[in-house]
Amino acid sequence: MLLFSVLLLLSLVTGTQLGPRTPLPEAGVAILGRARGAHRPQPPHPPSPVSECGDRSIFEGRTRYSRITGGMEAEVGEFPWQVSIQARSEPFCGGSILNKWWILTAAHCLYSEELFPEELSVVLGTNDLTSPSMEIKEVASIILHKDFKRANMDNDIALLLLASPIKLDDLKVPICLPTQPGPATWRECWVAGWGQTNAADKNSVKTDLMKAPMVIMDWEECSKMFPKLTKNMLCAGYKNESYDACKGDSGGPLVCTPEPGEKWYQVGIISWGKSCGEKNTPGIYTSLVNYNLWIEKVTQLEGRPFNAEKRRTSVKQKPMGSPVSGVPEPGSPRSWLLLCPLSHVLFRAILY
């Protein structure tokens, strides 16, 4: 009887270790009438270390797209470079992981003089800003482009140096930098952010990461709509649809890939726009391809050098394909990706 009990116990332990994991429940809190579980589902295994930029090892191969009032909720690991920049624990801008020390964002997010770096934090490694598993990093330095012009938003780029390095894994991945711009390069582009999903309703703020598809426009065509457009800017939208990034998740990345399954590259930083979600009216982004040398110079001067040449990979010119998968068909319910600003916040920053 004792031997049988020992064998039974061993079989139960072995089964627990080697058997399939219990499927995770569906996610979340009720958002606009859709009831979901307390937290977003997490990956069914611990994150594994990664070093490749633009990689989405957890997300690749998954095809589920949750729609929130016609918008789209990002899947776990779909935008592992995305971060939330917060002041006194209040989200106000977005950003992206450049490497373990550096966060890339927009200068206009940090354009003032009185909030010290130690009052800022960066949240990463999660889609849900209420998740207990999110990682929070302190900021050591705020660095703005010295030629940023508030009047026309030229050179709208900034860097945050973290107080301690990020332990990169497949939920915290640096984004790649491109070597060339142009709509002919990119097959699929997205923006993502935390914020409002209805321009008229400031209470429609989300704690879950939302995403919207984008197509990069021809610069000459866009400059006819926006006379103050400079060569340091690019335009992106989704023709005949109301997808847009708007007030608030400024500083977040516009990311593209040349082919499904390949690496992702940050081609733009959410900067400004004429309106939110109007058909055939694009948003304006900082054209990141113009700033590789600036990034290298600044990071070198700050003692945490970033060598873009070692991280960039040339992407092949590809013809534009059909609209990306998971995008609602015309006529289906949808809403804008809207993002909320934080008012009356002042920053102390270094200019380079």
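A Cβ is built for glycine as well, from the same backbone N, Cα and C atoms used for every other residue.
Annotated features, as they stand in Swiss-Prot:
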type     : residues      : note
SIGNAL   : 1-18          : signal peptide
DOMAIN   : 68-300        : domain 'Peptidase S1'
DISULFID : Cys93-Cys109  : disulfide bond
ACT_SITE : His108        : active site, charge relay system
ACT_SITE : Asp156        : active site, charge relay system
DISULFID : Cys189-Cys256 : disulfide bond
DISULFID : Cys222-Cys235 : disulfide bond
CARBOHYD : Asn240        : N-linked glycosylation site
DISULFID : Cys246-Cys276 : disulfide bond
ACT_SITE : Ser250        : active site, charge relay system
REGION   : 308-330       : region 'Disordered'
COMPBIAS : 319-330       : compositional bias 'Low complexity'
LIPID    : Ser325        : GPI-anchor amidated serine
Counting every protein chain shown, other Cβ atoms within 10 Å of the Cβ of Cys222 (disulfide bond) number 18
Rounded Cα-Cα span from Cys93 (disulfide bond) to Cys235 (disulfide bond), Å: 20
Of Cys93, His108, Cys109, Cys222, i.e. the recorded positions, those within 10 Å of Ser250 (active site, charge relay system) when Cα atoms are compared: Cys93, His108, Cys109
Within 10 angstroms of the C-beta of Ser250 (active site, charge relay system), the count of other C-beta atoms across all shown chains comes to 28
Around the Cβ of His108 (active site, charge relay system), other Cβ atoms found within 10 Å total 23
Can you give me the same-chain residues 6 or more apart in sequence from Cys109 (disulfide bond) with a CB-CB distance under 8 Å? Ile85, Phe92, Cys93, Ala158, Ser250, Gly251
Long-range neighbours only, meaning 6 or more apart in sequence with Cβ under 8 Å: which ones does Cys256 (disulfide bond) have? Pro178, Thr185, Trp186, Arg187, Glu188, Cys189, Trp190, Ile216, Trp264, Tyr265, Val267
Taking only the CA atoms, the spacing between Asp156 (active site, charge relay system) and His108 (active site, charge relay system), expressed in whole angstrom, is 6
Around the Cβ of Cys189 (disulfide bond), other Cβ atoms found within 10 Å total 23
In whole Å, how far does the CA atom of Cys222 (disulfide bond) lie from that of His108 (active site, charge relay system)? 22
Test of understanding: give the count of other CB atoms lying within 10 angstroms of the CB of Cys93 (disulfide bond). 27
